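Asker: Here's a structure for you.
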Amino acid sequence: MTKPAILALADGSIFRGEAIGADGQTVGEVVFNTAMTGYQEILTDPSYAQQIVTLTYPHIGNTGTTPEDAESSRVWSAGLVIRDLPLLASNWRNTQSLPEYLKANNVVAIAGIDTRRLTRILREKGAQNGCILAGDNISEEAAIAAARGFPGLKGMDLAKVVSTKERYEWRSSVWELKTDSHPTIDAADLPYHVVAFDYGVKLNILRMLVARGCRVTVVPAQTPASEVLALNPDGVFLSNGPGDPEPCDYAIQAIKEILETEIPVFGICLGHQLLALASGAKTVKMGHGHHGANHPVQDLDTGVVMITSQNHGFAVDEATLPGNVRAIHKSLFDGTLQGIERTDKSAFSFQGHPEASPGPTDVAPLFDRFTDAMAKRR
């Protein structure tokens with residue numbers, strides 16, 4: 001038997017539906033994602049920490065879940081909002097239905113609401129703080145009060161919260177269909193050593209680095225530059241992650257010191273924003289951010305348009321770029337900056353997600369650019 005659930009926004013909007021996950025309360029910034037598939041990858045993406053994700057595609061849960069599709073060791077999304085939960089989860093890789101998965105991971109979620117109306121509110125008013133209450137004896141007043149009590153993501157440093165606490169090595173490569181697994185590559189077959197700062201790294205990023213010949217050492221977000229340089233890396237990677245980049249002063253300082261060397265640097269998502277801040281630019285909070293797998297981005301050097309996966313609520317302010325940083329990619333949705341490169345260093349970054357998971361891999365060649373830079377330095 002289903003239990004009732006409420007989604008309340010800080011502006012007082014109320015949506016009533018049914019609980020499809022754990023009972024209880026969750027609060028966070030409510031955002032919408034336009035991807036048609038990949039809900040498990042989205043839920044386990046650390047970049048969604050403290051965010052309640054609304055999926056605009058109406059039918060979510062058709063394919064169930066599988067451990068192989070997780071992008072981290074746990075669910076990071078604060079909650080899930082969907083329109084319709086299919087009665088049947090059908091896929092040869094399915095090991096657990098979506099409701100079972102949500103309950104097992106203690107995720108509060110709601111289905112059966114008008115996600116189109118909700119998305120219009122978020123588009124017109126911007127991302128809002130919200131609360132999901134699920135179970136018996138829930139009240140609209142309590143949900144609204146909880147939503148208004150959430151402080152918001154501006155000024156919130158979440159990178160050090162989601163980051164690994166210990167350094168570790170990574171040699172698992174991209175998924176293989178024939179084995180339904182991610183093969184481990186022998187270190188002797190990986191010519192490049194990359195140190196990756198974990199600000200909330202997705203596993204498919206690490207796998208794509210390995211697939212291109214990189215032995216990856218993952219270090220905590222607060223690792224000093226001196227410890228990274230002592231590992232003698234061929235390249236340094238700055239990962240994706242949640243929250244506001246500006247409070248991450250430890251990361252900005254480490255990146256500044258690494259940029260004083262000639263070691264190639266590549267950043268994605270939060271790593272892109274941190275590279276910009278370390279180079280003297282500024283970041284801004286976006287209205288409703290970019291969340292989806294169908295965002296067109298243009299390469300400003302070639303004019304080529306690529307469809308990309310996006311997940312960010314902050315952006316680099318192009319007007320603040322110093323003279324030694326140039327724009328190399330732009331969003332064709334709103335013109336916001338999507339990529340930068342240093343003109344005086346071997347350092348570049350991309351705001352979206354070249355690793356996809358979920359989404360298209362049009363921008364995956366940026367990983368090749370990174371390995372090419374490491375090869376050139378040798």
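Numbers here mean position along the shown chain, with the first residue as 1.
Every residue gets a Cβ built from N, Cα and C, even glycine.
Straight out of Swiss-Prot:
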REGION    1-189  region 'CPSase'
BINDING   Ser47, Gly241, Gly243, Leu270, Gln273, Asn311, Gly313, Phe314  L-glutamine binding site
DOMAIN    193-378  domain 'Glutamine amidotransferase type-1'
ACT_SITE  Cys269  active site, nucleophile
ACT_SITE  His353  active site
ACT_SITE  Glu355  active site
Asker: Using DSSP and three states only, what is Cys269 (active site, nucleophile)?
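Answerer: It is coil.
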Asker: Given a separation of at least six residues and a C-beta threshold under 8 Å, show me what packs close to Glu355 (active site) in the same chain.
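Answerer: In sequence order, Lys202, Asn204, Ile205, Arg207, Met208, Ile268, Thr361, Ala364, Phe367 meet the Cβ cut-off.
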Asker: Sorted by position, what residues of the same chain at least six away from Ser47 (L-glutamine binding site) have a C-beta under 8 A from it?
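Answerer: Non-local contacts for Ser47 (L-glutamine binding site): Trp76, Gly200, Lys202, Asn240, Gly241, Pro242, Cys269, Leu270, Asn311, His312.
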Asker: Non-local Cβ contacts of Gln273 (L-glutamine binding site) (under 8 Å, 6 or more apart, same chain)?
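Answerer: Expected: Pro245, Gly267, Thr283, His312, Phe314, Ala315, Val316, Gln351.
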Asker: How does the model score the region 'CPSase' (1-189) in terms of mean pLDDT?
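Answerer: Averaged over the region 'CPSase' (1-189), the predicted model reaches a pLDDT of 97.
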Asker: Could you measure between Gly243 (L-glutamine binding site) and His353 (active site) for me? Cα positions, answer in whole angstrom.
Answerer: 16
Asker: What is the number of other Cβ atoms found within 10 Å of the Cβ of Cys269 (active site, nucleophile)?
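Answerer: Cβ-Cβ neighbours of Cys269 (active site, nucleophile) within 10 Å number 31.
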Asker: Give the sequence-ordered set of same-chain residues, not counting Ser47, Gly241, Gly243, Leu270, Gln273, Asn311, Gly313, Phe314, with Cβ within 8 Å of the centre of the Cβ atoms defining the L-glutamine site.
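Answerer: For the L-glutamine site, the extra neighbours are Gly200, Asn240, Pro242, Asp244, Pro245, Cys269, His312.
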Asker: Please list, in sequence order, the residues in the chain of His353 (active site) that are at least six apart in sequence and whose C-beta is under 8 Å away from its C-beta.
Answerer: Lys202, Asn240, Ile268, Cys269, Thr308, Ser309, Gln310, Asn311, Gly359, Val363
